[in-house]
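Engineer: If you scroll down you'll find the structure; I have some questions about it.
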Amino acid sequence: MELTVWDYSNLVSKWLIYIGVAAAVGGPFIAALIKPASQIKAVIEYVVLGIMLGIVAVIANFFIQVGAFAEAGFGGMFDGELIDLLWQSPVGDSVFWRLSGFTLLMLGLWITGRFTDKSRAGLQKMKGQLMAACYIFALPVLAYSFTFIGHNADIGGIAKWLIAFHVLALAWWIGALYPLWLSCRILEQKALYALMHLFGRLAMVIVGILLISGVSLLVMFMDSPAELITTPYGQLMLLKFLLVSAILLMAAWHKFHLVPAVHHGKKQDCQHLQKSISVEIWVAAVILAVTSVLSTVMGPANLA
């Protein structure tokens, strides 16, 4: 299959969308777990940057798809008739829901940013409640946006909900990695251990959702296990499975070896954990790149 400039542009913008969604989903959750709360400024900046990246990438991706349909060069991206046509299609629905999810999160951050650390206790409590409400509403909105496009638009309702849960679980995990990396730098060992220990417990639930939804989707999308070897889509899915397995093994190494070492060891153990999370971040970036290929230029044989 020969890819065009539009295909490559679509892939890159889709990859950036995934990064933005991951930051928007995983970042606020980790920020809520960090104690003391005065240390979350860098994490909030990461979330804001991720949301802005996501918004720009969503808009760019829409116009890239317009240009691909127009086949008239750069100017074709702004063809009014095609813009209107795509906006009223599942592509437009996806754009609407993604921008809505990002906007909800940005609104929550803006509102809570109006309260200073010197605000009364009641206002501080309201600040947390407002952000939590925006976050809880934004999660299903962002997840829902992934059910409209690619081969996802051709599948049944159960599979779409599985995709939504899979997206949320993967975004939560990957989006949490950079804040955890930051925490290794900004938190004292006691606070870092408490954060990593709690994250490890919560991650067990997320891993379950990730694996159950992923395996279920594989069963739905493939007629036989042999397709993992004999079809390009299956081979990429196998690669993604291996990468996810690698990241889960690293997480297990953290939970059972590096995190306990942080609790009982020296400052250098925090540095070892930080370096290991750095590797995990790079693997996660490759997982998102593979996912962008799977959802953009390649689909299951039984949906072809």
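Residue numbering: from 1, along the chain as shown.
Cβ atoms are placed via backbone N, Cα and C, with glycine included.
Annotations for this protein, taken from TrEMBL, read as follows:
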| type | residues | note |
| --- | --- | --- |
| DOMAIN | 194-294 | domain 'Copper resistance protein D' |
| TRANSMEM | 15-34 | transmembrane segment |
| TRANSMEM | 46-70 | transmembrane segment |
| TRANSMEM | 95-116 | transmembrane segment |
| TRANSMEM | 128-149 | transmembrane segment |
| TRANSMEM | 161-181 | transmembrane segment |
| TRANSMEM | 202-221 | transmembrane segment |
| TRANSMEM | 233-256 | transmembrane segment |
| TRANSMEM | 277-298 | transmembrane segment |
Engineer: With an 8 Å cut-off on Cβ pairs and a sequence gap of 6 or more, do the transmembrane segment (15-34) and the transmembrane segment (161-181) reach 3 or more such pairs?
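Structural biologist: Output yes: the transmembrane segment (15-34) sits against the transmembrane segment (161-181).
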Engineer: Counting only residues 6 or more past its boundaries, what in the same chain has a CB within less than 8 Å of a CB in the transmembrane segment (277-298)?
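Structural biologist: The answer is 1, 3, 7, 10-11, 14-15, 18-19, 22, 149-152, 170, 173-174, 177-178, 180-181, 184, 232-233, 236-237, 239-240, 243-244, 246-247, 250-251, 254.
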Engineer: Within the domain 'Copper resistance protein D' (194-294), count helix residues (DSSP H, G, I), strand residues (E, B) and coil residues, in that order.
Structural biologist: 93 helix, 0 strand, 8 coil
Engineer: Could you pull out which residues elsewhere in the chain have a CB under 8 Å from any CB of the transmembrane segment (128-149), counting only those six or more residues past its ends?
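Structural biologist: For the transmembrane segment (128-149), the nonlocal Cβ contacts are 21, 24-25, 28-29, 32, 90-91, 93-98, 100-102, 104-105, 107-109, 111-112, 160-161, 163-165, 167-168, 171, 295.
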Engineer: Which residues of the chain, 6 or more past the ends of the transmembrane segment (46-70), have a CB below 8 A from one of its CBs?
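Structural biologist: For the transmembrane segment (46-70), the sequence-distant neighbours (Cβ-Cβ under 8 Å, at least 6 residues beyond its ends) are 4, 6-7, 9-10, 13-14, 16-17, 19-24, 27-28, 31, 76-79, 82-83, 85-86, 91-92, 95, 98-99, 102-103, 105-106, 109, 175, 178-179, 182.
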